[in-house]
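I have placed the structure first, in the form of structure tokens, so that the comments after it can refer back to it.
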Amino acid sequence: MSKIRTAFFCQSCGYESAKWNGKCPSCGQWNTFVEERVQKDTPAKQEWKTNDNPLARTQKIISLSEVQTIAEKRLLTPDNELNRVLGGGIVAGSLVLVGGEPGIGKSTLFLQNALQLKDVKTLYISGEESEQQIKMRADRIRASNEQFYLLTETSTQTIFQEIKKLQPQLVIVDSIQTLQSPFIESAPGSVSQIRETTAELQRFAKESNTPVFLIGHITKDGSIAGPKVLEHMVDTVLQFEGDQHYAYRILRTIKNRFGSTAELGIYEMTGTGLRQVTNPSEILISQRDDLLSGVAISATMEGMRPLLVEVQALVTQSVYGTPQRTATGFDLRRLQLLLAVLEKRGGFHFGVKDVFLNIAGGIRVEDPAIDLAVLCALLSSYEDNALPNKVCFAGEVGLSGEIRAVNRIEQRIAEAEKLGFDKIFISRYNKKGIDFSKFNIEVIAVGRVEEVYQQLF
Ligand code: TYD
Ligand code: MG
């Protein structure tokens, strides 16, 4: 008997070390090292990989020109949001990881999609829920499908035997943290197990050309081996996120070998499953009749999609020596920068004010074009003067108070027009080469913060 070798693995990034460390030298996380057994490939495993595995084959070197181009066929699901996030449907043989906090709706999303794919033989492997629980969920979302097969199993060896019998066209694994390979002795959910089971599924996906979806949990404190460990092993990484207090869920692409990573899908969690939100701008802007100070609408882009969001600011007299700055859904340092610009270029005294900023709907905006709306919301609250109704903004603010051009301005203007806005403020530098006469909305081009202020107050 050979001696059992163990090693310590960082449960956050998968870094391997011979000794225990308090802080991971790779990802910098504290207290994430756990001792796991390390195994070399046993003869049994080697044999399984080559002989037993029906899908294994030997490879030889070929020239790229010999490789035949096959027209990429994508499987379109009835869910347009998912199709878009995947870059235009499911690619054959792709391995897709879907991460998200527990309870966000990952199982619901994929069960719902699988049930709607009526002519695709789908295998749903669940290591978390029993057949009854899944049936109950299916009843709740009121869907059924003859071509939907269920397997509650966690051992990859059994799973591959069943797959060989059933020959599914799509495989969904819920969740990767529950799977166990018989060749690794560590507990399910440990770094070595997650790596091994994913590698086995990856091999299966590539060799059988079957798309595989892996659902993975990420916890806020990262105590379970995070799907971070697998990000480089899979083709596409999607993240399902949302605020527990809102019904809206966002499906985001983090990595995609077959499409853009700038895509986004929006869903609403209802009593009967997830509903696609096809016109997100309407839900993100609160409908109200009376004008309030501190509110400005921004025409932002999320990926290729225009999205109108509401920025809310509250500027009050500070009671403590150090004024507070709080931002939800917006970068705090960016807020401080905009306040500094207003202080220096506009002569406003934000230094003695508490400033709170919120992006409505619980979403997070990274698009720099939101700057102008943030600035106007701040000014509106500072002056306690509501902005006119039906006005929106799209522009980045520079350090010297200039309004900078942003990308895809025509799409932003078109979206604002579609939603019934009368005026949109954009950067003067965005005017070049664009014919604004085709829009049925007044486009106001501004160059500096002062000009915006004069136009509005
Ligand atoms: P679930 O898909 O189990 O989350 P995950 O797999 O990411 O852990 O979703 C769980 C939550 O969704 C749960 O709190 C109940 C809620 N839910 C609804 O609100 N409506 C529904 O139709 C379903 C099926 C779930
Ligand atoms: Mg689940």
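Just so you know, glycine gets a Cβ as well, placed from its N, Cα and C.
Those TrEMBL annotations? Automatic predictions, nothing curated.
Of the given residue ranges 255-259, 325-329, 430-434, TrEMBL assigns the label motif 'RadA KNRFG motif' to 255-259. There are 9 other CB atoms within 10 A of the CB of G103 (ATP binding site), with all protein chains counted. A Cβ within 8 Å of the Cβ centre of G100, E101, P102, G103, I104, G105, K106, S107, the residues given for ATP, is found for these other residues of the same chain: H217, F240. Considering only the binding-site residues G100, P102, G105, the Cβ with the fewest other Cβ atoms within 10 Å is that of P102. Contact annotation for binding-site residues (P102, I104, S107) versus ligand 2: S107, each with CB under 6 Å from a ligand atom. Non-local contacts of S107 (ATP binding site) by the CB criterion (under 8 A, 6+ apart in sequence, same chain) comprise S126, E128, E129, R137, D174, I215.
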